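What Swiss-Prot records for this protein:
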type     : residues : note
COILED   : 13-82    : coiled coil
COMPBIAS : 1-12     : compositional bias 'Basic and acidic residues'
COMPBIAS : 29-38    : compositional bias 'Acidic residues'
COMPBIAS : 39-51    : compositional bias 'Basic and acidic residues'
COMPBIAS : 64-73    : compositional bias 'Acidic residues'
COMPBIAS : 74-86    : compositional bias 'Basic and acidic residues'
COMPBIAS : 96-111   : compositional bias 'Basic and acidic residues'
DOMAIN   : 129-158  : domain 'IQ'
REGION   : 1-111    : region 'Disordered'
Amino acid sequence: MELDQDKKKETPEETENVNEVQLEKQNQDEETEAEAEEADKAILERSDSVKTECPPQAEKQNQDEETEAEAEEADKAILERSDSVKTECPPQAEKQIQEEKCETQEADRSEGTELGKLHSQLDQLPDNVMLAGVKIQAWWRGTLVRRTLLLAALNAWTIQCWWREAKARLQGRKLHEVMRYRLRNLNLKSISKRKQPNQSSFL
């Protein structure tokens with residue numbers, strides 16, 4: 001009983017410590033999310049600029065390589081930030097967190113809520129599983145960025161091919177009309193030359 005009373009006396013201080021640690025974690029998580037969103041926005045802006053421009057093949061290939069390198073750097077930065085966010089709790093705080101988990105599990109059992117059970121199960125996941133989840137999210141973001149860039153490059157290539165074909169057709173029509181006009185002029189000149197000797201013989 002005395003141990004329980006000692007725990008109850010220390011809980012306000014420990015809760016303040018745990019709350020401070022949780023607030024720091026939450027602030028770090030928000031900062032990393034904000035930085036990740038800024039990186040995603042920058043990459044999407046670059047992909048939009050790639051969509052509007054139609055560079056030659058070599059320049060387009062260089063830009064694709066640069067954007068892939070930037071996407072990989074962004075992925076690495078996100079993974080590094082997730083590693084830095086992962087911090088260890090002091091032993092007293094861990095004990096208090098475990099006690100709170102036990103209390104919440106008991107409360108969930110008494111209420112029988114599915115959401116509470118799911119939340120407590122997520123809290124029980126080890127840190128390496130949470131880190132794996134963050135890595136998967138970073139990989140997925142990188143995949144989406146690469147997919148967007150690939151679609152932009154394909155759109156630009158399609159537009160270039162269409163324009164070349166339309167230009168060739170237009171030039172082909174013009175060439176055909178010019179040849180027809182010249183041929184008609186040649187025919188008229190040859191006819192007029194034939195008529196001139198005949199007309200001179202009549203005079």
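Using N, Cα and C of the backbone, Cβ positions are placed for all residues, glycine too.
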Cβ under 8 Å, sequence separation of at least 6 from the ends of the compositional bias 'Acidic residues' (64-73): give me the contacting residues as numbers and ranges.
43, 46-47, 50, 142, 145-146, 149, 153
Taking the domain 'IQ' (129-158) alone, what is its mean pLDDT?
89
Is it possible to list how many residues within the compositional bias 'Acidic residues' (64-73) are helical, extended or coil according to DSSP?
10 helix, 0 strand, 0 coil
Could you tell me how many residues in the compositional bias 'Acidic residues' (29-38) are helical, how many are strand and how many are coil under DSSP?
10 helix, 0 strand, 0 coil
